[in-house]
Amino acid sequence: MLAMDTCKHVGQLQLAQDHSSLNPQKWHCVDCNTTESIWACLSCSHVACGRYIEEHALKHFQESSHPVALEVNEMYVFCYLCDDYVLNDNTTGDLKLLRRTLSAIKSQNYHCTTRSGRFLRSMGTGDDSYFLHDGAQSLLQSEDQLYTALWHRRRILMGKIFRTWFEQSPIGRKKQEEPFQEKIVVKREVKKRRQELEYQVKAELESMPPRKSLRLQGLAQSTIIEIVSVQVPAQTPASPAKDKVLSTSENEISQKVSDSSVKRRPIVTPGVTGLRNLGNTCYMNSVLQVLSHLLIFRQCFLKLDLNQWLAMTASEKTRSCKHPPVTDTVVYQMNECQEKDTGFVCSRQSSLSSGLSGGASKGRKMELIQPKEPTSQYISLCHELHTLFQVMWSGKWALVSPFAMLHSVWRLIPAFRGYAQQDAQEFLCELLDKIQRELETTGTSLPALIPTSQRKLIKQVLNVVNNIFHGQLLSQVTCLACDNKSNTIEPFWDLSLEFPERYQCSGKDIASQPCLVTEMLAKFTETEALEGKIYVCDQCNSKRRRFSSKPVVLTEAQKQLMICHLPQVLRLHLKRFRWSGRNNREKIGVHVGFEEILNMEPYCCRETLKSLRPECFIYDLSAVVMHHGKGFGSGHYTAYCYNSEGGFWVHCNDSKLSMCTMDEVCKAQAYILFYTQRVTENGHSKLLPPELLLGSQHPNEDADTSSNEILS
């Protein structure tokens, strides 16, 4: 890349005080919301995409005449007046300091020094980043509330406009005439029921003593109760007459409530909640949206909250001496046990606040609570998923900022710490692996402190997490010399599908050639010849003694992979990135055709075909993760998810969610495909135990109480 040594416009640059280059939450285009090729204007707070995306940064220059912009990921500086990249700095050295600060923010390492010898800690007081600041969290809290309010207002206005138009249309007039007579009948029935209720109450009141004396008697007794109750613990019981009146009025109210056809409805469709991009976190947002829309996975974590038993055991152990209390040492050991394979130990904080950027306030209306860190010293991804899903499926928020989820990921999966762009497939594998380890550790550590019901629930959820994506492959190697077949069973949690050979070389005409996911599955299960005589066949070497001096017989062989056990949720990872050169990975940008329904029967072994019914091979598309961009280390992730509550597809682009059709989904450039088995091997459509299905459809009503306890 050629660049200018000197640019007079950079030399004249005065860095704006409100520039957005150091704010990871603003590293997305304000117009199209992409996180690929993001340029921050250094003369104002504007952030937009480059000319190879939608040219929104160029349009900003044409409108504002601000010439200098910084690419926040690669840290290039570009001058639009010179139309070239520049290398020089201004007299105060702002660009050099910006680059060093950006590197510190991305890596979350603030221990490098400036020219004056001071530590570079401008973005945080501790080891965590800008998003942990109270001011930033309060600002995003207000923005989340405002976004939801505006979304609700637009929805109401659009509904009024549509109803006005529909009532004036011929179809609308016909619809209004049909139920007119039915409405009259319903009104008459309601009026009759109300009159009967009034007569009943009136008859009960007439059979009691006069209302005046009753009122005076009740007033006198209530006054005595109010005065005496301050000094005497026991309250004077009210008169039977008054109790009867109160019970009658309560019955009347409950009857009216039950008769009322008006029910509380969620503000938004449950699940249609955007996740704010906290700084190149589109990979995390797309994966979380997909997992929350998988019915089985969501119901498990709506039901399970690991922090509940931690709090309960901690309080119970202070009362009894049967077991030692859950101390900091115990919690630290559990965290250390979780991280022993990765060598990363979570640091303990002395004061921690609440769990997610979402929650409930008093009453029905929920308020987002922006925490610094999770609520417990035991950092739990399961707890953060539980809390996040509670808010996303409460039907109350159009946008939520998953601060605590990102914080927990940073602590427990250190490879994803910082604001660098990451791969969604790698994050999904690491997240599921960490969740599985956490459930196993929690279920086996300190079993005496965990209630039996909670241990049973943890075991059930662990069983679902282990089996929802788990399948088995039959690896069959055939010796070409004696035709002996050697079978090996291998587990899998996803199928990584390679593109056919014609897409493995660079060329301009490759992108125009069609490719189908069924073709990639056929390539995955096709017979592959092993190169040369490299196979040690047991049959050919059976006559050779174990300690014989004769050489081992090597033969030619062929290998084939077939599916012998189908998972309930099938993950297909399309290997779009290939190595080009020594250190470069380029993307295969060809469109892969896929259907809403997938039949896996052609890719299974014979034994599986005989043991399963035909409908067990049918899968329905549930979600699609897309990668926008050209390179492995850059780009933007979005997801298409099927919302079972609303019965429609939704495109999840960080904070922006929009309904879409199946045709739009099938046109997407898929990176990860999620298919759900229509009927399981047991003949059921769900893998969940009845205990998990009970009362966990969606937390519209429960979120007001349970979320308030968790998040406040």
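Numbering starts at 1 and runs along the chain as displayed.
Every residue, even glycine, has its Cβ placed from backbone N, Cα and C.
Of the given residue ranges 161-183, 690-712, Swiss-Prot assigns the label region 'Disordered' to 690-712.
Between the listed modified residues, namely SER169, SER401, the fewest other CB atoms within 10 angstroms of a CB are found at SER169. Listed in chain order, the extra residues whose Cβ falls within 8 Å of the Cβ center of the Zn(2+) 3 site residues CYS41, CYS44, HIS60, HIS66 are LEU42, SER43, SER45, HIS46, PHE61, SER64, ALA69. For the zinc finger (5-102), the number of residues in each DSSP class (helix H, G, I; strand E, B; coil) is 25 helix, 17 strand, 56 coil. The two recorded residues CYS282 (active site, nucleophile) and CYS49 (Zn(2+) 2 binding site) have their Cα atoms spaced 15 Å from each other.
When the alpha carbons of SER169 (phosphoserine) and CYS41 (Zn(2+) 3 binding site) are compared, the span between them is 49 angstrom. In this structure, the binding-site residues CYS7, CYS29, CYS32, CYS49 were compared by how many other Cβ atoms lie within 10 Å of their Cβ, and the smallest count belongs to CYS32. A strand conformation is recorded for SER401 (phosphoserine) in the three-state DSSP classification.
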